[in-house]
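Undergrad: Starting off with a structure, shown below.
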Amino acid sequence: MSTLQKTIMKNKLPPRCPKTSGVSKLAPFGAGRRKDYTPVSWKQYFERFVDVETDGGTFRVYLSPEPDHPQRPRFVTLHGGGYSGLSWALFTEEITNMVHCQVVSIDLRGHGETKANDSDDLSAETLVKDVEQVLHKLYGDSLPPIILVGHSMGGAIAVRTALLPTLEPFVQGIAVIDVVEGIPPNCTGAAWWSMLHSSGCEERQLPESTAMDALASMQSFLRGRPTHFKSIEHAIEWCVRSGQVRNVDSAKVSMPGQIVNCETGLLATNEVESYQPVEDLGEAGPRHDAPHHDSILEEEGAEGEGMQHHFAKPAVTGDRGMKYRWRIALAGTERHWAGWFRGLSAAFLAARAPRLLLLASVDGLDRELTVGQMQGKFQMQVLTRCGHAVHEDTPGEVARVIAAFVLRHHITTATDNGELMNIASGPPGC
């Protein structure tokens, strides 16, 4: 079996989460060692939400508390495909603790609680127009300083939004997280897409290509995802154990924003505050250690953990007892994928505002951006030990990098806590 075949097959299994302590991140489902996957309300991280009416529909916007001065910057956060504005929950808590600002987290069209007139139109042009209209509805023509922060698809939208004539004078900074137009020369096809959900392209020696060529493999990846879940906890557990998000605290607040109740059609966030934890541990996996016909046997860890635990996979297709499904069918958005990323590197380098690129792996930089970075056209930071959802896996580190970025450009000032943390010095940038 070739290396590529092994890689693709291995990526269908839930990858191990990185260890940050001596305790295994993938504890068995025994009564005394099972993790808590109970969902958490967005109210622990945001002060309120507003539903903004635009020509395109009604857009849900989550807001942190008002800043101490109206001219403090607003961090406008744009999530990736399939996620929601709640994926920025932990980041919001961290960044507002470090610098004076407000976070404005938008559920993009077709995602979360947003109800668009045409939820299927996820073209880059439409998404950019949506963001523009939401911001003008919120602030009128006198916008405060704006910092656009986008992850994956949201990063591509953030870059294009920054170039709009109506918003460009107000955009004081752009932070793009783990998205580039091209791909490293040793990754392509399925390996490139699976790279987005891991930390690099180890053992993948493949021909050079571009992100445009790799998009065709997204469908294969999506077909391997479950379509339904038994409970909200079940979905959160899959999210963590599959590696989509490696931070369980973030998954507990963000995953309910990505699934809906099959019976009511309502987003799972509406059930969180009254949610009763699942008593039966079998909801997420068998209690016993014996192999089960629908379980995955985890391979022994590289560090000798010797984990031989079992996890019952959620159904790949609908099944009896499955109560929740995805909010958006990403496979149906294929016609828009190329438009999200085509020309992204050139657009990023053309933006006038200060630019920051955050990556999960240094291998993720394409040639155009490599040249631009060597010429000092933008700041780059690589954060290790995280997957594609960098801001969810390591929200504190991401917030610290972005806080140092805005302080460096004198866009805002540090809070008292930020001063104590010496945020101004920041981590070393590339």
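Quick reminder: no glycine exception, Cβ is built from N, Cα and C everywhere.
Summarising the annotation, TrEMBL assigns active site to Ser152, Asp178, His388. What TrEMBL records for 76-199, 306-400 is domain 'AB hydrolase-1'.
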Undergrad: Quick one: pull the CA-CA distance for His388 (active site) versus Ser152 (active site), whole Å only.
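TA: With distance taken Cα to Cα, Ser152 (active site) is 8 Å from His388 (active site).
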Undergrad: Cα-Cα, whole number of Å: Asp178 (active site) versus Ser152 (active site)?
TA: 6
Undergrad: Per DSSP, what is the residue tally for the domain 'AB hydrolase-1' (76-199) in helix, strand and coil?
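TA: DSSP composition of the domain 'AB hydrolase-1' (76-199): 50 helix, 25 strand, 49 coil.
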Undergrad: Inside 10 Å of the Cβ of Ser152 (active site), count up the other Cβ atoms and send me the figure.
TA: 23
